[in-house]
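According to Swiss-Prot, the record shows the following:
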type	residues	note
MOTIF	58-68	motif ''HIGH' region'
BINDING	Glu564	L-isoleucyl-5'-AMP binding site
MOTIF	605-609	motif ''KMSKS' region'
BINDING	Lys608	ATP binding site
BINDING	Cys903, Cys906, Cys923, Cys926	Zn(2+) binding site
Amino acid sequence: MSDYKFTLNLPETEFPMRGNLANREPEMLERWTKDGLYQQIRDSRIGRTPFILHDGPPYANGSIHIGHSVNKILKDIIVKSKTMSGFDAPYVPGWDCHGLPIELKVEQKVGKPGQKISAAEFREECRKYAAEQVDGQRADFIRLGVLGDWQKPYLTMDFATEANIVRSLSKVIENGHLHKGVKPVHWCTDCGSALAEAEVEYEDKTSPAIDVAFTATDSKALAAQFGVSDYSHPVAMVIWTTTPWTLPANRALSISPELDYSLVEFAKEGATHAVILADVLVEACMTRYGAESHSVLGKVKGVALELVRFKHPFLAFDVPAILGDHVTTDAGTGVVHTAPGHGQDDFVVGQKYGLEVANPVGDNGVYKPDTEFFAGQHVFKANDNVVALLKEKGALLHHVAYRHSYPHCWRHKTPIIFRATPQWFISMDNQNLRKQALSEIEQTQWIPDWGQSRIEKMVENRPDWCISRQRTWGVPITLFVHRETEELHPDSVSLMARVANRIEQEGIQAWWDLDAAELLGEEAEQYRKVTDTLDVWYDSGSTFASVVGARPEFHGHGVDLYLEGSDQHRGWFMSSLMISTAMTGKAPYKQVLTHGFTVDGKGRKMSKSIGNVIAPQQVTNKLGADILRLWVAATDYSGEMTVSDEILNRSADAYRRIRNTARFLLANLNGFDPAKDLVAVEDMVALDRWAVRRAAALQQEIIEAYEQYNFHIVTQKLMQFCSVELGSFYLDIIKDRQYTAKQEGHARRSCQSALFHIAEAMVRWIAPILSFTADEVWQLLPGQRDAYVFTQEWYQDLQSITLDTDLSDAYWENLLTVRNEVNKVIEQARRDKRIGGSLDAEVTLFADAALTEQLTHIGDELRFVLLTSEAKVLPLADATSDAVETELASLKLEVNATTAEKCERCWHHREEVGTIEAHPTLCHRCVTNIEGDGEVRLFA
């Protein structure tokens, strides 16, 4: 017996079956860095149309978490796919480097500025700490396979960026959007600073809910307004509040002009009380107060009570009833306790009536020394003392512990207060900023589209933006204010330009070191330097100008895309929109894409206390970054993104399917040189031409999905192609031809040409997602090529040719369906132990006329499609009793074990085996492939 094994074209490749990604990816990263891969990509796109994705800067504090990974991987997929589409798509990563969290970390190390360390030294320590944090996060991001300008990222603490932030503020001022005011702002007593909207979280809190009586200064006259003459009891208006500590700042009682208000007399414990309440709430209030009996003495509209005076319950002054649109009857009494220094609505309505904006509370949440009754007490601890004083004064009608949603500091997780302080604001309405921003929102594409209505509502309802902070580590608000008039210096814009030039050379410390006389000369005595710093949301929100507008690789093109988590509608998307519109009248972006948050397999937020945190570092060390990247791409990011060990293992299974497909392609391109072996598409075997045509159609679908940022559709189509069209059909069928046909013959080279085209296309399809694996495939593909797939464009040689004589795509799809039915019957025969494998079978297909015409069209090559040694087609009417019905009404099948001898080389059972004297163990086909010109295949 001859050894025919050496006459077979066995698959061979250096591409291993196991990816071993956790170990191999770092080796690839070293090569990428050594070769300057990112710069190679940049050089390959010189002069092309730019596509600018601007990186929203993560905060330079702590290790990256799974949410960071999702964000960076999505950005990387977009940048790489846009590059593949021919764009010049630079990616400059950035970091947010100023602000309180860094200050707090540095304080733990060196103490607060002014104690053991000067403010200048403290800032330098903050700068060092932020740089260390950037280094740690950068290494983790690079490990994910994210390509970018990692050696020259943008940092908001770079001197040039700090200077540009100041320049952007000067433009906002020049355009008339800045004003100073005393306004209630979110204030964290632990931070000792104002908070931005985006720094506020809502959590449940238990507060004292109290009903407080404000007695009228002239009860008899007030009762008369309700139609009750000569009334002898004191009449009180009742408020309901959950912040007793704000009562020292009360300056009015707000009522609704349109509501009906009732004068109610009720008896309790032998005493008679007369109170004014919203009519619709009378019954609820009487129940709450434990009234033994009550009667409504009269009703009036709220507007009739405007400016009636009431005595403060424990301070020696009286306050007016005023009209406010913010009054509701959802809870309480229909009368709102109004403290303009401690509430936004209170402040707005107070401005209309010229009320004092009283703020008896210091930065640390403690009442100031001149606060009667409560000086030196912390506001939240004073709540009980306020309640006790009200009880003592006879003004407390009801008191209960009340659980409700309350604003908390996102850093300290502690309750915050509204507190009026002198601050700098960007006005939403003075120069029509709100109106302009809403108009720009309409010009922007929001993905998903619900993002538009979300940010519109936020802009419609947001107050002026308080951009000042009382911090040490931040970009200074570089203004000079007149010591007496508090007016800005008339040359503020030009002065800021000179200060910015200094900051560009020396950093923000230049402002603190600056002697005002250097810039103002003799005027210096009349002006003081502002010591406030900018809200860090201003830092990041101005980077479209301070970074994108300044760095040469962006070509002054402007930003095409912002991409962040859905919490950034009120964060970075909002601050960027406000600053850009204030500076230029235009939005800073053309598209805004948001992704959901990561949750565990049960839909819960990641939490160390629950123990469900999945660290990206652990995933890359165990499974590899490509598995994490595949999970990100395969997940519909428009909603919550579910991740768990089980889900990642499923991604690893999906990855193996793609890897195995790539390995099959490479292994079967062994010995193929496209320069001399490539068969023109029009000369290919019909099935090969179909495979190329199918790949061409799929490539269009994949490119479209990339363009629409639908990466989960890319992965779905890729998996379908690998598993069904290739794995279960095309690759399965061609194995016989690939392994047994003449090595240099047309039948094999046709097949290899199709595999080559598919591999060239597929390596590009996967490159944005499975970047490491794509690089690995690229290095092993035959033919002359550039060093990296990442400098390429989508494969152009997938010619979708259909010849007049060709079988249609529908034909092959029908054949795939028939093949699936045949496989079911063969599998049953194998389970019944009637045959060993499919090549041990002879199949008879009983088909109707239409199907018979299709099946017989490819003649004897039908058996190669069905992977059987023999395939006969007979009329459906001739079906035997042993024939098995299929899911196709037009087809019945009969499978029998073949009686023919088995060819030693191809394993097909053929009648002629044993009849060829020189090769008694071979079939005719194999002899032709060994000694002749090779078999002829037309169809499969």
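Yeah, the Cβs are placed from backbone N, Cα and C, and that goes for glycine too.
Walk me through the surroundings of each of these features.
Note on the motif ''HIGH' region' (58-68): residues 95-97, 99, 101-102, 105, 130-131, 133-134, 136-137, 140-141, 155, 565, 597-598, 606, 613-617, 643 of its chain, located 6 or more positions outside it, place their CB under 8 angstroms from a CB of the stretch.
In sequence order, Gly56, Asn71, Gly571, Trp572, Phe573, Thr594, His595 are the residues of the chain that are 6 or more apart from Glu564 (L-isoleucyl-5'-AMP binding site) and have a CB within less than 8 Å of its CB.
Here the motif ''KMSKS' region' (605-609) has long-range neighbours at 65-67, 597-599, meaning same-chain residues at least 6 beyond its ends whose C-beta is under 8 angstroms from one of its own.
If you draw a 10 Å sphere around the CB of Lys608 (ATP binding site), it holds 7 other CB atoms from the protein chains shown.
Just so you know, the Cβ of Cys906 (Zn(2+) binding site) picks up 22 other Cβ atoms within 10 Å once every protein chain is counted.
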Taking all residues of the motif ''KMSKS' region' (605-609) together, what is their mean pLDDT?
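79, rounded to a whole number.
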Quick check: in three-state DSSP terms, what is Cys926 (Zn(2+) binding site)?
helix
Enumerate same-chain residues with a sequence separation of six or more from Cys926 (Zn(2+) binding site) and a Cβ-Cβ distance below 8 A; give 'none' if the list is empty.
Tyr4, Thr740, Cys903, Arg905, Cys906, His919
Counting other Cβ atoms within 10 Å of each residue's Cβ, which of the binding-site residues Cys903, Cys923 comes out lowest?
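Selected from the binding-site residues Cys903, Cys923 on minimum Cβ neighbours within 10 Å: Cys903.
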Using the centroid of the Cβ atoms of Cys903, Cys906, Cys923, Cys926 as reference, list every other same-chain residue with Cβ within 8 Å of it (recorded Zn(2+) site), in sequence order.
Thr740, Glu904, Arg905, Trp907, His908, Arg910, Val913, Leu922, His924, Arg925, Val927
Helix, strand or coil at Glu564 (L-isoleucyl-5'-AMP binding site), per DSSP?
strand
Between Lys608 (ATP binding site) and Cys923 (Zn(2+) binding site), how far is it from one CA atom to the other, in Å?
67
